[in-house]
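Inspection log for the structure reproduced underneath, given as structure tokens.
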Protein chains: 2
Amino acid sequence: MSQALAHIVDDDEAIRDALTWLLRTRNVAARTWASAEEFLAGWQADFHGCIVLDIRMKEMSGLECFDALLERNNSMPVIFLTGHGDVPMAVSTLKKGAFDFLEKPFDDNALVDVVIRAMESDARKQASQETQATVTGRLAQLTPREQEVMQLVLAGKFNKVIADQLNISMRTVEVHRSRVFEKMGVRSAVELAQLLAPGRD
Amino acid sequence: MSQALAHIVDDDEAIRDALTWLLRTRNVAARTWASAEEFLAGWQADFHGCIVLDIRMKEMSGLECFDALLERNNSMPVIFLTGHGDVPMAVSTLKKGAFDFLEKPFDDNALVDVVIRAMESDARKQASQETQATVTGRLAQLTPREQEVMQLVLAGKFNKVIADQLNISMRTVEVHRSRVFEKMGVRSAVELAQLLAPGRD
DNA sequence: CCCGATATTGTGGTCATCCGCACTGTGGAA
DNA sequence: TTCCACAGTGCGGATGACCACAATATCGGG
């Protein structure tokens, strides 16, 4: 997994260097990209940290870049920088999920604070997504029959009822049930319910 | 429970009348308030629908009114209207949870669409909050001892272990456990776990 | 053709759950 | 003082969950 980085996307080298220096003095690792196209080309799904995105750039704008990232299911928080902001633009980006929207000239410390909050937010999201991925992975290891039985167990049905419904014997249900618990890493139906309740698929 | 209303808060009577008419033609019930103070005085926790809030008003501004509503745990979505919007203001209100932020002059149909989406959003939130309130209410009906036993049941412990831990007999645990299921309206520990997993207290 | 994964079933037994019935004790409210 | 909610306890039985041991059967590869 790649390290958490603040990705600075701006076509002005002076700004890139200034921001990088600013963040480094606060112990925030940064990487710079000279254009939206370059960033999108280098972007990978396992990137973590946050993105500082200038809106007015040559060729592809920050807004277009943001839309492209949304389509790729980017998970990193995006902080917009703009010189001539207008309200509808700010509103629409925030409603689309941007983390913040700052107008130049901005306060150096304020930007760094926002970046740090964004990176903390991403770290939290990442942690919960990883546990979620573990659960999903374990679910994938279940055979079709086991998943079927699991659903009925979660519905609170007795083994006897499940057996009737699937036209199999109680003993077979017990075997599947046991394998489900084993593969999912739980030891009771209660734990299973708690594992699957917050964030179903 | 009160009906869903679009609450229009603006000190300009012409605007209030225009918005009311606009919404009525699209079958959205509206109620007007001539100032932030008046609205806050009349506001009740069981209001539902949405709030259309002008920012620049005599005496208390829309922003101050919004902050007051946040402190009262208002649940209705707030749509800001402003003549001379500035970006930081829009950003900060949206980050504080405002539903939208529109600049005058705005498109009539666009505003109505936003109001309708806001009211739909509130209806959904209200529905989930009501089921949550039901659960919380039932939890409140449990005696302290019953809550204690419930926690241990949810931790997946056997009645025997619970009995040891609370220094009581297994039979007593069974009685409490049974009462918990009865009061919470479930028939198994699995249902209980599912009821309490999404949104703990 | 043999192997592994999947699905299935039975026997017999242990442990846990759940429930009705009967009973004790305490502390606060009417 | 009487009534009631709350807490605690024992007995015995019915039912469900779980497990070790033991098997059969299908299917897709290697």
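Heads up, the Cβ atoms here are built off N, Cα and C, so glycines get one too.
The domain 'Response regulatory' annotation in TrEMBL covers A:5-119.
The domain 'HTH luxR-type' feature in TrEMBL is assigned to A:135-200.
Annotation comment: TrEMBL describes A:Asp54 as 4-aspartylphosphate. The 10 Å shell around the Cβ of A:Asp54 (4-aspartylphosphate) contains 23 further Cβ atoms across the protein chains shown.
Applying DSSP to the domain 'Response regulatory' (A:5-119) sorts its residues as follows: 51 helix, 25 strand, 39 coil.
Applying DSSP to the domain 'HTH luxR-type' (A:135-200) sorts its residues as follows: 49 helix, 0 strand, 17 coil. Model confidence over the domain 'HTH luxR-type' (A:135-200) is summarised by a mean pLDDT of 93.
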